[in-house]
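Quick look at what Swiss-Prot lists:
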DOMAIN    14-283  domain 'tr-type G'
BINDING   23-30, 91-95, 145-148  GTP binding site
Amino acid sequence: MTTEIQLELEQAVNQRRNFAIISHPDAGKTTLTEKLLLYGGAIHQAGAVKARRDQRKATSDWMEMEKQRGISITSTVLQFDYKNIQINLLDTPGHQDFSEDTYRTLAAADNAVMLIDAAKGLEPQTRKLFEVCKLRALPIFTFVNKLDRPGREPLELLDEIEQELGLQIYAVNWPIGIGDRFKGVYDRRSKAIHLFERRAHGSQEAQETVIQLGDPKIEEYLEQDLYYQLKEDLEILEEIGADLDLEKVHSGQMTPIFFGSAMTNFGVKLFLEAFLDYALKPIGRNSSVGLVDPSYPEFSGFVFKLQANMDPKHRDRVAFVRVCTGKFEKDMTVNHARTGKTVRLSRPQKLFAQDRASIEEAYPGDVIGLNNPGVFAIGDTIYNGKKLEYEGIPCFSPELFSYLKNPNPSKFKQFQKGIQELTEEGAIQIMFSTDDFIRDPILAAVGQLQFEVVQFRMLSEYGVETRLEPLSYSLARWVAGGWKAIEEAGRIFNTMTVKDGWGRPVLLFKNEWNLQQVKEDHPKLELTSIAPVGSGIQPS
């Protein structure tokens, strides 16, 4: 029996790939996501990137505010099949104010796709998210986008990635021309040239002509200067580049690089097929009992995201669970590591942005949606068999703080419910004054847009108009020794002492100088910019 289960698990794991896309805003993430869905048959026509009135809304941007602004501000899950491989694409927020949501999503991913604008190269948000991938040793696949527009020289971009990120590089394909003269790519795997036909906004799969580099007919398709430039570039690549080493790719030391244009579909299919060959299958994860392999027959998984009101008609709450080991089955009863209780997992769902369908089973690498009536927290482990807990997902230091006020006392219950649910799902961090007379919660954010989203959702989902009252602090540090350490430190000048959502002490500082002064005055006070995890074991 055990052997049968393990064979079933092994087959399921071999047929799955799981990844998240990281990029700076406006690098074309939503467009690339939709083109991958187009090739996977999950959608039949790509949605409009800018959500113009006469075109479709982008498939992965489902929240009302996202549709209004044309930006992604939450992470979603998009599942599709391509050539008998099930792909779980963990779509991440496109706005830099929501990098913490992206971090949580990366905790559930086995691979990352780094999307770069060919004209701009590496940008600040991409660098930040790369550091998170590096910490987790995630394999990183690079897609250089927007080759159909004027951009930097490809060799210059390779050099920047290698020098600034410290990655070894391997160009899997190479662009032929840039901007208006972008004709297609040379695929180093098949040693063939793929020339693309331009279609309106790339709403259908790209049509292409495939010819060998030495084909005498090449002059019919390619201008002479582009042909000679390609040959020269390929010679340089052979001289300067290392061979593709999948061990180095899988450990995050080498990045395979692809060139193309998501808007026009140039190079997207070549990227997808190579990615499926090179990417890691679902992998083992660190836990309280060591590294747990996906083939372990007992079910386990962890919650990496909560989302309230995904369906406005039902006012539901969904927990996103990454399946880590074993086979998930509908209506199974599992252990909830944080509370020690047992939970029946009824009504599991397969997620596709705002669309959902009931599922009967799921395997390692899959993401399922579970109905969450206040049971789960981010980082929670659920399991069967021997007790285990996966690494939790920490919160990072916010930089903006503001009281959130409810001017209408008759909306008190709705206000409390909204704050609780939005905090649980990680839309924003919440803190409270240690002064019992101050009841207003303190919102703590990475960027201003998080405040706007909370106010928007409080009104649209809970019917509560709110008012912000900013605080003049810009840094938060958690106190390692808890309230006892605060007591022993005595009076701490020029700070505000608050408690976070788990009741732990946090010090707020006006600036870096203020923080350094407190460190000098209280050398025994251990401060950290990353919160201890509320659920799960502390990441190593």
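Glycine is no exception: its Cβ is also placed from the backbone N, Cα and C atoms.
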* Structure fact -> Reduced DSSP state (H/G/I helix, E/B strand, rest coil) at Ser23 (GTP binding site) is strand
* Note down the number of other Cβ atoms within 10 Å of the Cβ of Asp26 (GTP binding site), including every protein chain shown. => 15
* Along the domain 'tr-type G' (14-283), what average pLDDT does this model show? -> 83
* **Lys29 (GTP binding site), number of other Cβ atoms within 10 Å** => 25
* Hey, what's the Cβ neighbour count for Ser23 (GTP binding site) at 10 Å? -> 24
